[in-house]
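Worksheet: the structure to be examined is printed underneath.
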Amino acid sequence: MEAYVVGVCVAVFGNILISISLNIQKYTHTRQARRGTGVYYHSKLWWSGIMLMGLGELANFSAYGFAPAALIAPLGCVCVIASALISVLFLKETLRASDLLGGALALAGSYLLVSFAPHTSPHVTANMVERALVSWSFLGYFMCEAFVFMVLLFLYKCKNMKHIIIIMLMVALLASVTVISVKAVSGMITETLYGSHLQLTYPIFYIMIFILLISCAFQIRFLNEGMKLFNATEIVPINYVFFTLSAIVAGVLFFEEFYGLSLIHGLMFTVGCGLAFSGVYLIARARPRIKMDSVFINMGKISGKGCTDKVQPQTDESIYGKLTSSTTRGAQQGEP
């Protein structure tokens, strides 16, 4: 089996685990709010969702070691599709025509992405990462990115401009750095396990881990700010689109993943991205309320008490998508 096929399978499996985790956490939050007792992090069910989240993120992290970032990142739409399907089947949400259309578009886009995305990328070694970090193309991109980020931060903090695009652009710029560091760390680990040279002895390996942690921390911070100001149905599609574009740019400039790709493959890859973006938007927008009178978990078996009341949480209490990120899910976990 080719390496990119392994990466795609691992990424799809990871996104499915993440979607299950999101719905478990969503159910736990709703149940705790309904009962009005205890906090969500005292629930064993919530912790089981967190464990699934960790496994899913680990799978996504591993996938970057087998396939190009431009191929793995767009597959985040699998998480959105699976979350919507699980919500309909087990949380009894309403199945809308836009869900079916969005799912079809996202699946078609995913097929084109897997078929026409670059399937190979240079072996990620410590020496390769060091050369890429000091290349003129990356240095120019990084300086432009830093300048744009500082301008956006000035508008957000000093001018008090709380527009969703400003916040999500800052998250996307940080996500670009995250993707580069994730791909570098995962690639060096993979090269150590399957290659002929030990990569973990190079200082650049630990520098990239530090950059990964810092960029993720700031992503979580700004995404939480966005979740406080806007609904998840607005955040999810914008975050998915911006994150995917940032991963593609990182793959082009840092890892040269599109080098030698034919024009027709590039065009079809672009069409696949457009279809996936449209499908995610249709699925995530204006999600209906949940009918909690009949859910996939019997509350009586969990608590020893029967539950017959209905709960109608607001739509911004749920979140659909991958967020990286982990960043969007971090915001979800912080909800009461």
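Cβ from N, Cα, C; glycine included.
Just so you know, TrEMBL annotations never went through curation; they're auto-generated.
Some features that TrEMBL has for this protein:
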TRANSMEM  6-24  transmembrane segment
TRANSMEM  45-65  transmembrane segment
TRANSMEM  71-91  transmembrane segment
TRANSMEM  100-118  transmembrane segment
TRANSMEM  138-156  transmembrane segment
TRANSMEM  163-184  transmembrane segment
TRANSMEM  204-223  transmembrane segment
TRANSMEM  235-255  transmembrane segment
TRANSMEM  261-284  transmembrane segment
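The highest tally of CB pairs under 8 A with the transmembrane segment (71-91), across 6-24, 100-118, 138-156, 204-223, 261-284, is held by 6-24. Note on the transmembrane segment (163-184): residues 61, 64, 69, 73, 124, 129, 145, 148-149, 152-153, 155-156, 204, 208-209, 211-212, 215-216, 218-219, 222-223, 225-226, 229-230, 234-235, 238-239, 242-243, 245-247, 249-251, 254-255, 324-325, 327 of its chain, located 6 or more positions outside it, place their CB under 8 angstroms from a CB of the stretch.
Taking Cβ pairs closer than 8 Å, the transmembrane segment (138-156) reaches residues 132, 162, 166-167, 169-170, 173-174, 176-177, 249, 253-254 in its own chain, all 6 or more past its ends. Non-local neighbours of the transmembrane segment (100-118) in the same chain are 8, 68, 70-71, 74-75, 77-78, 80-81, 84-85, 251, 257-258, 261, 264-266, 268-269, 271-283; each lies 6+ residues outside the stretch with a CB under 8 Å from one of its CB atoms.
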